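Q: Take a look at what TrEMBL says about it:
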type: ACT_SITE; residues: A:LYS78; note: active site, charge relay system
type: ACT_SITE; residues: A:SER168; note: active site, charge relay system
type: ACT_SITE; residues: A:SER192; note: active site, acyl-ester intermediate
type: DOMAIN; residues: A:25-483; note: domain 'Amidase'
Amino acid sequence: MTDYTELSLADLRDGLKKKDFTSAEVTDAYIARIEGAAALNAFITPTPDIARDKATESDARLAKGEGGALEGVPLGIKDLFCTRDTLTTAASHILDGFHPKYESTVTTNLFADGAVMLGKLNLDEFAMGSSNETSYYGDVVNPWRRTGDNATRIEAGKVVGGLTPGGSSGGSSSAVAARLCAGATATDTGGSIRQPAAFTGTVGLKPTYGRVSRWGVVAFASSLDQAGPITRTVRDSAIMLKSMAGHDPKDSTCIDRPVPDYEAVLGQGVKGLKIGVPKEYRIDGMPEEIEKLWQQGIDWMRDAGAEIVDISLPMTKYALPVYYIVAPAEASSNLARYDGVKYGLRVADDKDNITALYEKTRAAGFGDEVKRRILIGTYVLSAGYYDAYYIRAQKVRKKIFDEFQEAYKQVDLILTPSTPSAAFGLGEKKNADPVEMYLNDIFTVTANLAGLPGISVPAGLDGQGLPLGLQLIGRPFDEETLLKGADALEQSAGFTAKPDEWWV
Amino acid sequence: MSIDKETVRKVAKLARIAEPEERLEPLAKELSGILDWIEMLNEVDVEGVEAMASTVETQLPMREDVLTHDYTGGGKPEDIVANAPKTEDHFFVVPKVVE
């Protein structure tokens with residue numbers, strides 16, 4: 001009997017269309033697998049009843065030869081996307097019991113194409129984090145584990161020695177890597193799609209800012225946030241992006257331009273493409289394995305017929321400090337809405353005035369990392385500091401943007417490592433300086449600041465058997481060339497490794 | 001150290017987050033660590049550079065000022081208050097604000 005959960009999203013889609021199997025069968029297989037993987041804590045809210053109902057509806061359409069591009073395909077939804085009447089938490093205590101009365105544009109688009117929702121996936125609280133350790137609903141565990149003595153295992157019903165699946169989209173990356181869904185939605189503000197994808201041997205695509213609607217996605221930093229897919233293959237990402245993308249009058253930054261058939265470019269190869277290699281991404285203290293993998297990627301691209309061009313992006317080292325002004329500033333403004341009045345948690349006693357209600361609710365409802373960022377954001381926007389921090393950061397951001405514009409006069413794509421290391425242990429960096437955790441996003445954050453599309457593709461394993469990713473960054477709204485390059489990387493890497501199922 | 005305990009108290013007040021007294025000092029340390037690191041932006045020459053707020057170069061789209069008929073339209077008071085911790089007749093209930 002076929003194990004449906006082993007099929008790629010593309011193969012599932014095709015098999016469903018050909019009626020080789022039904023969405024009900026596939027959906028049941030995934031529900032059983034999710035039930036067996038509770039130890040990974042990838043889901044905050046599994047929705048098996050909704051999934052079964054939707055699968056039955058899909059099967060009825062498929063039986064008549066009808067149905068959309070994702071008809072009957074079971075997906076996981078990051079719990080940052082509002083889903084009508086289904087608990088939406090952003091992994092924060094402050095959104096306790098929040099059942100939106102509307103549906104995000106991304107999930108509306110996916111469901112209109114026939115996708116089946118298996119549940120809401122765990123994440124860092126308000127997507128603020130790089131290890132999925134800031135979630136109110138607990139850490140997510142990476143299905144991958146190191147080889148040898150320090151391997152992850154279950155002792156007395158608890159996971160010991162677990163690794164981070166990355167963050168903030170750690171539930172998405174863990175679920176896709178553990179085959180708990182055919183693909184997942186995710187969001188990326190500084191690397192939150194690409195870093196978790198790199199840590200879990202999956203493909204993560206952050207589209208151009210403005211390609212996908214942000215409407216109904218719980219806002220973190222509005223000028224940087226962008227939704228995209230995490231999937232098992234480049235083709236699967238192309239398929240999901242096509243459904244997720246498109247103009248939306250409800251998001252004024254969502255651009256009105258046609259959505260190409262991204263799948264059509266796959267297999268076209270990179271012959272004749274110019275691929276930039278920025279010397280500033282060769283940072284101090286980078287493990288040799290990352291360096292080697294990057295060189296391997298350069299060689300693969302050259303062998304596939306691309307021309308390698310050395311480029312310089314000297315503003316790179318300023319990207320993270322810019323990010324840690326701009327993102328908290330926007331977050332402090334966006335998160336002002338959580339006040340204990342309109343939705344979610346309220347903490348107050350009868351004698352409290354409205355200010356005490358706000359202050360107590362927010363103190364109880366937000367976790368430490370979220371509070372830290374709100375305070376930083378409030379500080380850099382406060383009178384006397386606004387010009388010195390916020391305006392200066394926006395000016396440096398412009399210089400980073402201009403530098404990429406210049407680079408893209410010479411090259412079509414830029415190739416870098418996705419992360420400065422493989423997945424690290426949960427708890428390993430918990431007491432570290434916050435800045436050390438922030439450095440995880442050093443290679444990914446530039447694409448957010450410049451609004452560019454980026455993709456992480458699994459490219460190999462490190463000495464401990466953990467996946468590593470390579471990143472491609474493309475021109476704005478040129479996801480087609482980005483996917484062409486990613487497809488070539490995927491072909492060359494031939495990454496077929498899978499985590500062994502220690503959690504079952 | 002760029003931020004002291006009193007600044008944290010003031011910023012927490014502005015952000016409407018009740019921070020207990022014993023958290024102010026550790027927070028001052030953490031926030032200073034982050035801000036000291038950010039100080040490296042002072043090395044960059046930004047003379048004559050425009051501040052960039054968005055990477056999208058487009059005019060804000062305009063539309064007729066009328067109610068739409070989707071979720072963003074009007075006439076749904078039950079939906080608006082559905083998730084509120086305390087309501088009365090389609091109003092949000094808060095502690096008395098005016099004496």
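Glycine residues also receive a Cβ, built from the backbone N, Cα and C atoms like all the rest.
Tell me about the setting of these features in this model.
A: All protein chains considered, the CB of A:LYS78 (active site, charge relay system) has 31 other CB atoms within 10 Å.
A:SER168 (active site, charge relay system) falls within neither a helix nor a strand when secondary structure is assigned with DSSP, and so counts as coil.
Long-range Cβ neighbours of A:SER192 (active site, acyl-ester intermediate) (same chain, at least 6 residues apart, Cβ-Cβ under 8 Å): A:ASP124, A:ALA127, A:SER130, A:GLY167, A:SER168, A:SER169, A:ALA186.
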Q: Per-residue pLDDT averaged over the domain 'Amidase' (A:25-483) comes to what?
A: 96
Q: In which DSSP state, out of helix, strand and coil, do we find A:LYS78 (active site, charge relay system)?
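A: Where A:LYS78 (active site, charge relay system) sits, the three-state DSSP reduction gives strand.
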